[in-house]
Amino acid sequence: MSKYIFVTGGVVSSLGKGAAGAALGALLEARGLKVTMLKLDPYINVDPGTMSPFQHGEVFVTADGAETDLDLGHYERFLSTRMGKRNNFTTGLVYQTVIEKERRGDYLGRTVQVIPHVTDEIKRRIRLGAADADVALVEIGGTVGDIESQPFLEAIRQMAVEEERGDTLFMHLTLVPYLASAGEMKTKPTQHSVRELRAIGIQPDVLLCRADRPIPADHRAKIGLFSNLPEKAVISAIDTDSIYRIPLLFHAQGLDDLVVQNLGLHLSAPDLSVWNGIINALEHPEGEVVIALVGKYVGLTESYKSLAEALLHAGLRARRSVRFLYVDAEDVETQGTEILAEADAILVPGGFGGRGTEGKIASIRHARERKVPYLGICLGMQLAVVEFARHRAGLMNANSTELDPQTPAPVITLMTEWSDPEGHKAYREEGGNLGGTMRLGEQECRLEPDSLAIQAYGQERIHERHRHRFEFNNRYREPLAMAGLRYTGFSADSELVEVVELPDHPWFLGCQFHPEFTSNPREGHPLFDAFMRAAIAQRERDGSS
């Protein structure tokens, strides 16, 4: 039977429940437990797949093809467990399921209500997602007091009653602000948040108090007094320069000891050698590398969360600190590629729509002509093909049909048939629904010999995650190859081009898949490691330190 740790938040949103929960999960995993995590999102969208990155941040894609909250990226980076469709669900998905059951007659004519039907569906999905794990950490999105969160909070309250005593634990994340005008930290917001949580029947067992500085013992004692908790259960969750310090910060305050004790587990001390090694690499870089990330959503860097983390992982492994130049592609259109001059390497990530496209293409041309290392991911690969077609193959009006449906040279076109992660055929028509209609999830890719890709991965067959509707148009394979473009990665059936390279460039690679989704701080990712080595070599060629 699984044990459950429910993670809630109060005072304000975006306090870092996902990172905090994942850090605790890492500590429990370091004690030998099998840990999984779930994210429950209170919004009505069925999934975040069609939500604007400016509102929601990154959409994280799991191996089984789920479009999920970015917190699942935190979960996979901190834990060895791979997440899937069961690990993230929304109010919209819950209501969709309940309504479908009602239409089928599953409720036998009963009046369908939030309690018990919606809450029962939430509990069913929690238990399903926790199956086979020793401990499941369940993060409730939003904050206590939100109307949208109430069914989820009621469901976990009921679970605490239904599960065996000692099999559930409530961890509440709050804010303890410092008021400069008063010169002190204020505990009242946390007291009110806990009071609101207790009013709906949930008594927290642990408080994680976010603050920009350590919380004094007398403040923690005061918070504990008004929350019915001992001082040791009030943990300082202070700001840090890297989320990978959080497991060690929590362990130093005894959080994992407290949780293990409350859950009635008898375990040995955690093996934190991996996390100590990560922090050692973080604190002792041997140089700096500057990576330009040219994108559409740089106004909210959370849109590229997994990508930034993957580059940081590569930097850790190469003993380099990574400095990002987040470049708005539209700024390249108005200011020119001179704003990329400082970059040791250039990356164009995935994205949708036409805004900023010409700026990305100009950045790719800059990387190609100046011999600057380039990595294009998803749309970044597609636009590399467009740029090459225009300026090397003589197809001056080349484009993607996503960006120009009437282009006379559609080198990138809509994909209408593909295989899903289970091997079943999937189809999409022009004008169909946007939600859930992309090629999603882990797919096999076959790499060509004597290529940058196979040098990076060290094997012919790899598996990477996808999220795209458009693909390389095979009608243009031969003319672009004759102009010098090399295809070095293909889908398992050889129908789809998945990796392109330029043999006359030191390091230029575009991939249709998203390698950032499988990188973690323990093992990194071979493609980002290779990209980082190329960036370091470029910096050394330029004579920078």
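Even glycines carry a Cβ here, placed using N, Cα and C.
According to Swiss-Prot, the feature region 'Amidoligase domain' maps to 1-265.
In sequence order, VAL176, PRO177, TYR178, LEU179 are the residues near LYS186 (CTP binding site), counting only same-chain partners six or more apart with C-beta under 8 A. Annotation source Swiss-Prot lists CTP binding site at SER13, ASP146, ILE147, GLU148, LYS186, THR187, LYS188, PRO189, THR190, GLN191, LYS222.
If you look up Swiss-Prot, you'll see SER13, LYS186, THR187, LYS188, PRO189, THR190, GLN191, LYS222 marked as UTP binding site. Using a 10 Å Cβ-Cβ cutoff, LYS222 (CTP binding site) registers 17 neighbours.
Summarising the environment of GLY16 (ATP binding site), the number of other Cβ atoms within 10 Å of its Cβ, over all protein chains shown, is 19. Among the features that Swiss-Prot reports, ATP binding site is placed at SER14, LEU15, GLY16, LYS17, GLY18, ALA19, ASP71, with the record citing sequence analysis.
Counting only same-chain residues six or more apart in sequence, the Cβ atoms lying under 8 angstroms from the Cβ of ASP71 (ATP binding site) belong to LYS17, GLY18, ALA19, ALA22, LYS39, PHE60, GLU139. Residues annotated as Mg(2+) binding site in Swiss-Prot: ASP71, GLU139.
Here the domain 'Glutamine amidotransferase type-1' (290-541) has a mean pLDDT of 92 out of 100. Annotated domain 'Glutamine amidotransferase type-1' per Swiss-Prot: 290-541, in sequence order.
In this structure, ARG469 (L-glutamine binding site) belongs to neither helix nor strand by DSSP; it is coil. The Cβ of ARG469 (L-glutamine binding site) has 17 neighbouring Cβ atoms from other residues within 10 Å, across all protein chains displayed. Per Swiss-Prot, L-glutamine binding site is recorded for GLY351, LEU379, GLY380, MET381, GLN382, GLU402, ARG469.
Residues or ranges marked as active site, nucleophile by Swiss-Prot: CYS378. The 10 Å shell around the Cβ of CYS378 (active site, nucleophile) contains 21 further Cβ atoms across the protein chains shown. DSSP classifies CYS378 (active site, nucleophile) as coil under the three-state reduction.
What Swiss-Prot records for HIS514 (among others) is active site, and it gives sequence analysis as the kind of evidence. Same-chain residues at least 6 positions away in sequence with a Cβ under 8 Å from that of HIS514 (active site) are, in sequence order, VAL61, SER306, GLY350, ILE377, CYS378, GLU464, ARG465, HIS466, ARG467.
Among the features that Swiss-Prot reports, active site is placed at GLU516 (among others). Same-chain residues at least 6 positions away in sequence with a Cβ under 8 Å from that of GLU516 (active site) are, in sequence order, SER306, LEU307, GLU309, ALA310, ILE377, HIS525, PHE528.
The binding-site residues shown are SER13, ILE147, LYS188, THR190; of these, the one with its CA atom nearest the CA of GLU402 (L-glutamine binding site) is SER13. When the binding-site residues LEU15, GLY380, GLN382, ARG469 are ranked by how far their Cα is from the Cα of LYS188 (CTP binding site), LEU15 comes first. SER14 (ATP binding site) sits 32 Å from MET381 (L-glutamine binding site), taking the C-alpha atoms as the reference points.
Nearest to GLY351 (L-glutamine binding site) in space, judged by Cα atoms and limited to the binding-site residues SER13, ILE147, PRO189, THR190, LYS222, is SER13.
For the pair GLY380 (L-glutamine binding site) and GLY16 (ATP binding site), the C-alpha distance works out to 30 angstrom. The sparsest Cβ neighbourhood within 10 Å, among the listed binding-site residues (GLU139, GLU402), is found at GLU402.
Maximum C-alpha to C-alpha distance over the listed UTP-binding residues SER13, LYS186, THR187, LYS188, PRO189, THR190, GLN191, LYS222 is 23 Å. Distance from the CA of GLY16 (ATP binding site) to the CA of LEU379 (L-glutamine binding site) is 29 Å.
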